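For reference, the structure discussed in these notes is given below.
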Ligand SMILES: *[C@@H]1O[C@H](CO)[C@@H](O)[C@H](O)[C@H]1NC(C)=O
Ligand SMILES: *[C@@H]1O[C@H](CO)[C@@H](O)[C@H](O)[C@H]1NC(C)=O
């Protein structure tokens with residue numbers, strides 16, 4: 001019994017490993033099916049480029065009329081084919097080189113026997129001969145039609161999975177604005193400007209609509225959040241800031257925007273405000289007073305009520321407040337200002353400071 005536990009665990013581990021490997025193989029095989037077609041497409045593209053590149057070439061050397069007749073023309077020669085085949089792949093592309101190597105005789109067959117009847121190399125080679133691709137609008141091992149038909153997959157409003165390859169499942173991933181299996185339906189915020197069984201054009205609604213039947217704000221089915229219906233049944237912006245109870249904090253003001261609002265910090269001299277700056281205060285913050293509609297700092301030091309009245313103290317005004325410091329030559333000790341001990345030799349320089357610093361400020 002005791003040994004059953006670890007054994008079972010081991011079995012489980014083994015099973016999950018096998019599952020994982022199988023899963024990866026399936027994924028890999030799928031990628032191979034589309035990947036092989038992409039590789040083949042590159043090869044045939046490069047073949048066509050090679051054809052163009054060699055179109056003006058000849059055998060080199062004395063290309064006389066006699067030689068042309070004798071050796072068959074360069075245009076259809078094996079030498080030209082070899083030159084083109086050599087340029088089909090980057091040396092670093094393993095998949096490409098493998099595919100070319102594996103199917104080299106097909107290029108010869110096509111070059112000498114099929115080219116005239118089947119001029120489209122991609123079609124002849126990738127689709128019909130080595131069967132790694134499908135015709136446009138079809139997908140999968142048997143080249144079935146994509147959802148919506150092979151002429152206009154996804155009704156022209158999306159991409160068919162595996163389109164043109166032997167992979168994929170043929171289902172649509174719709175372009176922005178479209179949804180549904182067939183990409184004929186519109187997503188929220190879009191409406192069908194034109195629609196029948198095979199064709200659909202989805203256009204964006206007015207920004208005020210969540211859903212709509214037309215392009216204006218009077219054609220909303222439902223207003224988006226932040227908009228509301230007015231008397232004419234059009235969706236209009238809600239002014240959240242007009243509400244009796246402001247949605248913002250006390251030291252903020254409300255700024256209405258299309259479909260929303262934002263809260264901005266009041267100026268620091270305000271206690272509550274209706275907008276930005278020291279002239280939009282509802283009341284002044286403590287330490288500030290209303291001066292012709294603007295909150296300004298109170299100079300407590302020059303107020304009639306004396307502040308900093310203790311001995312040897314001086315008043316320093318600050319923004320919104322003041323501080324009491326010890327007069328020069330005195331220093332703070334246990335809440336009192338006591339004379340700073342003055343070493344003999346530095347007496348002169350210290351005393352000269354004493355007279356300038358504080359009185360200059362006052
Ligand atoms: C659907 O509409 C498109 C575009 O207006 C048109 O070309 C097509 O013929 C219509 N199809 C049908 C079945 O009505
Ligand atoms: C006004 O505020 C109340 C309470 O916060 C809220 O229920 C209401 O929706 C607001 N009205 C507007 C127009 O924002």
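Using the three backbone atoms N, Cα and C, a Cβ is placed for every residue, glycine included.
Keep in mind that what you see is a predicted model, and the values were worked out from it rather than measured.
Annotation source TrEMBL lists compositional bias 'Low complexity' at 352-362.
Around the Cβ of residue 174 (disulfide bond), a 10 Å sphere holds 21 further Cβ atoms from the protein chains shown. What TrEMBL lists as disulfide bond is 174-183.
Within the same chain, residues 30-34, 36-38, 131-138, 190, 195, 198-200, 202-204 sit at least 6 positions outside the domain 'EGF-like' (144-184) and bring their C-beta atoms closer than 8 Å to a C-beta of that stretch. Look at TrEMBL and you will find 144-184 (among others) tagged as domain 'EGF-like'.
Annotation source TrEMBL lists domain 'EGF-like' at 297-336 (among others).
Residues or ranges marked as region 'Disordered' by TrEMBL: 334-362.
As annotated by TrEMBL, signal peptide applies to 1-29.
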